[in-house]
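Take a look at the structure below.
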């Protein structure tokens with residue numbers, strides 16, 4: 001996470017103690033919930049899932065991205081507790097670079113999930129051909145490469161500097177044009193464009209599902225939608241504040257004015273709030289698992305994701321595409337293991 005974010009105010013600064021308390025609480029909750037939760041998801045997929053579906057690979061990489069950013073939380077907690085940055089400039093840049101990579105990887109993975117579902121509904125037979133693990137691995141590799149590249153500005157602008165007799169890890173822009181560029185670049189590439197693609201995908205899905213009778217469409221994409229909404233809820237305020245800051249910078253308003261100070265205070269909290277987005281997904285998996293959590297125990301993640309790879313056959317009936325899982329009755333009742341991406345999709349075969 002990057003752009004014009006500065007580390008939360010030092011506890012030794014005026015009003016800093018109360019300001020630092022909420023970020024400390026949010027970071028601690030994110031670390032306590034997200035670190036074991038995402039580790040459990042990674043362990044479940046790598047150790048307990050014999051045949052990993054494309055969806056499982058996407059979820060695995062999303063959990064890895066979340067783990068990466070959560071591993072930086074102790075450094076920020078140390079800063080909040082001590083009131084000064086103790087990990088030199090290299091630590092400053094690396095911590096924020098990892099946060100930037102994680103943010104981009106997460107939003108790109110969520111976008112791919114949405115596009116995958118849209119393709120499966122709009123072009124099910126094409127989806128069957130391209131939705132293979134080999135192709136998915138190439139896509140995932142591309143996502144990580146792009147994420148590393150998009151986060152490079154953090155390495156360029158981040159530095160350690162003195163502020164009120166304390167060392168802070170903060171951006172250092174040569175001029176206001178660089179600041180505006182970085183703020184807008186992060187908001188557009190890290191949120192606006194990906195979520196336009198997500199909205200377009202689900203608008204197309206909704207339109208097509210109204211015209212076609214898909215099996216189990218009621219459960220289609222439930223968990224993916226929850227993941228998208230959670231990510232938007234945690235990151236939209238952060239990007240909105242950065243856009244406001246960019247506008248104020250272009251207008252030449254004083255950053256030390258009361259409004260500018262309130263904007264900085266809001267950003268301190270929103271940075272910590274964004275960390276919670278990396279801890280919420282395992283909670284969503286548990287909620288979406290329903291009865292699986294009770295029946296399958298620690299294997300509920302595997303059971304939840306196994307449904308995303310069930311084979312589906314497609315036929316035309318009266319001009320309408322009807323998809324029926326193989327080896328199941330023509331009109332099966334939705335079970336607890338119905339996938340969150342496979343309903344009305346042709347899953348990966350030939351893996």
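Quick reminder: no glycine exception, Cβ is built from N, Cα and C everywhere.
Residues or ranges marked as compositional bias 'Polar residues' in Swiss-Prot: 311-326 (among others).
The compositional bias 'Polar residues' annotation in Swiss-Prot covers 339-351 (among others).
If you look up Swiss-Prot, you'll see 4 (among others) marked as N-linked glycosylation site, on the strength of sequence analysis.
The feature N-linked glycosylation site is assigned by Swiss-Prot to 164 (among others), with sequence analysis given as support.
Under the heading region 'Disordered', Swiss-Prot lists 311-351.
The topological domain 'Extracellular' annotation in Swiss-Prot covers 1-21 (among others).
What Swiss-Prot lists as topological domain 'Cytoplasmic' is 45-56 (among others).
The average pLDDT computed over the topological domain 'Extracellular' (78-93) stands at 93. Taken from Swiss-Prot, the feature topological domain 'Extracellular' applies to 78-93 (among others).
Taken from Swiss-Prot, the feature topological domain 'Cytoplasmic' applies to 116-140 (among others), supported by sequence analysis.
According to Swiss-Prot, the feature topological domain 'Extracellular' maps to 162-179 (among others).
What Swiss-Prot lists as topological domain 'Cytoplasmic' is 201-222 (among others), and the listing cites sequence analysis.
Residues or ranges marked as topological domain 'Extracellular' by Swiss-Prot on the basis of sequence analysis: 244-268 (among others). When DSSP labels each residue, the topological domain 'Extracellular' (244-268) comes out as 19 helix, 0 strand, 6 coil, counted as helix, strand and coil in that order.
According to Swiss-Prot, the feature topological domain 'Cytoplasmic' maps to 290-351 (among others).
According to Swiss-Prot, the feature transmembrane segment maps to 22-44 (among others).
What Swiss-Prot records for 57-77 (among others) is transmembrane segment, and it gives sequence analysis as the kind of evidence.
Residues annotated as transmembrane segment in Swiss-Prot: 94-115 (among others).
Residue 164 (N-linked glycosylation site) has a Cβ environment of 12 other Cβ atoms inside 10 Å.
Here the transmembrane segment (180-200) sits against the transmembrane segment (94-115); at least 3 CB pairs are under 8 Å, leaving out pairs fewer than 6 apart in sequence.
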